[in-house]
Amino acid sequence: MPQRYRGRFAPSPTGPLHFGSLVSALASWLDARAHGGAWLVRMEDIDGPRTVPGAADAIFATLGRFGFHADEPPEWQSRRVDLYRAALDRLIASGHVYPCGCTRKEIADSQLHAHRRNTTLIYPGTCRNGLHGKPARAWRLRVPDDARSGAGNPALIRFDDRWQGPQQQNLATEVGDFVLLRADGQWAYQLAVVVDDAEQHITHVVRGADLLDSTARQIWLQQCLGAPTPAYLHVPVVTNAQGEKLSKQTGARALDPARPLEALTAAARHLGLALHDPAPATLEAFQADAIDAWKRRLTQLPAA
Ligand code: GLU
C-alpha cells in the first residue's frame, strides 16, 4: 500500500520570512496539495545561538497571511530533544558514532586540510579509534570508507532528486565523519531533521537547493537508524544581485504581510509556474491556479 503523502515546511526562526523562504514554503505546499497530501510546519529552533526571539511567531503570522495553513499543529524542535538523545543513544549502541576530542583548530591544522571543500573541513578521522587522552567534545557519525574500485562503493550515496535529477556524493572524500552533537551541546541540524522527518512520517521533502549538499548525509543517517528515505525535491535558490543565496545575512527583506499576492505570484514565477492569471484577485484564485501550474511544471522537469 503506498503511504499517504506527508510533506513539511521547516523554517529556522533566525529572522522573519523572506522571499527565499517563501519560495520553499510555496513549493512544499503546492506539492502536498497537488498530491492530495498533508502539509506540516516544523519550527527548527534548536540552534540556540542563531534563534531570534519572536521570529517564530512572526513566521507563523506571515504564513497565515499568505494562506498557508498546516494540516496538523506545528512541531517545535526545541521540544523534541528527547527524541534526538534517544537516536544518538541508539547510534552509540550500534557503534555508528564515536566521541571526538578534536578542536576546529586541530582539524584545520591536520595534514588533510588541503582537502578542505568550500569552507567545510573534511574530518581526518583522528578520534575514530579512541580519544588519545583528550576529553570528548562532540559525537561524530562514521561514514563508510571509500572503496575506489568496484561498482558498489559504500561511500557513494546516490539519489534521484525530483527536480534536479540524479545526484551522487562520496561521503568519505567529500564530507567525512560528521558531527551529530556539537561541542557546545547543540544538536546538529542533520540529526534533528532526520529524526523528525522519520518520526513525523514525512514521505516527501521539498526545500531549497542549498540543502542538496546535505541530502546524502541525511540518507546515510536514515540508513544507520533504519529509517525510510523520503522522496526529495530541491527547488532553485533565490539569489540577490551579487549571486548570493537570499538570507538574513545577505540582506533579504522581510515579506510585506499586507501584500501577499504580489510576493506569491513572484515566487510562482521563480518556480517557473505558468499561471493563467498573473494578477489574481484573491488568495484562493492564486492557489487553485498555482496548484494546476505546479502539476504541469512537474511533468516538464528534466527528472520527470
Ligand atoms: N531549517 C532549514 C532551513 O531553514 C530547512 C531544513 C529542511 O527543510 O530540511 O534552512
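Sequential numbering from 1, following the chain as shown.
Keep in mind that glycine also has a Cβ here, set from the backbone N, Cα and C atoms.
In TrEMBL this protein carries:
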type    : residues                                               : note
DOMAIN  : 6-252                                                  : domain 'Glutamyl/glutaminyl-tRNA synthetase class Ib catalytic'
BINDING : Arg8, Phe9, Ala10, Pro11, Ser12, Glu44, Tyr189, Arg207 : L-glutamate binding site
MOTIF   : 11-21                                                  : motif ''HIGH' region'
BINDING : Cys100, Cys102, Tyr123, Cys127                         : Zn(2+) binding site
MOTIF   : 245-249                                                : motif ''KMSKS' region'
BINDING : Lys248                                                 : ATP binding site
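Checked against the residue listed as 'ATP binding site' by C-alpha proximity, the binding-site residues Arg8, Phe9, Glu44, Cys102 yield Glu44 as the nearest. Using DSSP to sort the residues of the motif ''KMSKS' region' (245-249) gives these counts of helix, strand and coil: 0 helix, 1 strand, 4 coil.
Taking each Cβ in turn and tallying the other Cβ atoms within 10 Å, the top scorer among the binding-site residues Cys102, Cys127 is Cys102. Ligand 1 lies within reach of Ser12, Arg207 from the binding-site residues Ser12, Cys100, Cys127, Arg207, judged by a C-beta closer than 6 angstroms to any of its atoms. For Cys102 (Zn(2+) binding site), the nearest of the binding-site residues by C-alpha distance turns out to be Glu44; the candidates were Arg8, Ala10, Pro11, Glu44. Long-range C-beta contacts of Tyr123 (Zn(2+) binding site), restricted to its own chain and to partners at least six residues apart, with a cutoff below 8 Å, comprise Cys100, Cys102, Ile107, Arg140, Gly176, Asp177, Phe178. Annotated pair Pro11 (L-glutamate binding site) and Cys127 (Zn(2+) binding site), C-alpha to C-alpha distance, rounded: 33 Å. The Cβ neighbour count for Phe9 (L-glutamate binding site), using a 10 Å radius over every protein chain in view, is 24. Glu44 (L-glutamate binding site) sits 30 Å from Cys127 (Zn(2+) binding site), taking the C-alpha atoms as the reference points. Here the motif ''KMSKS' region' (245-249) has a mean pLDDT of 78 out of 100.
Binding-site extent for L-glutamate: residues Arg8, Phe9, Ala10, Pro11, Ser12, Glu44, Tyr189, Arg207, maximum pairwise Cα distance 16 Å (rounded to the nearest whole number).
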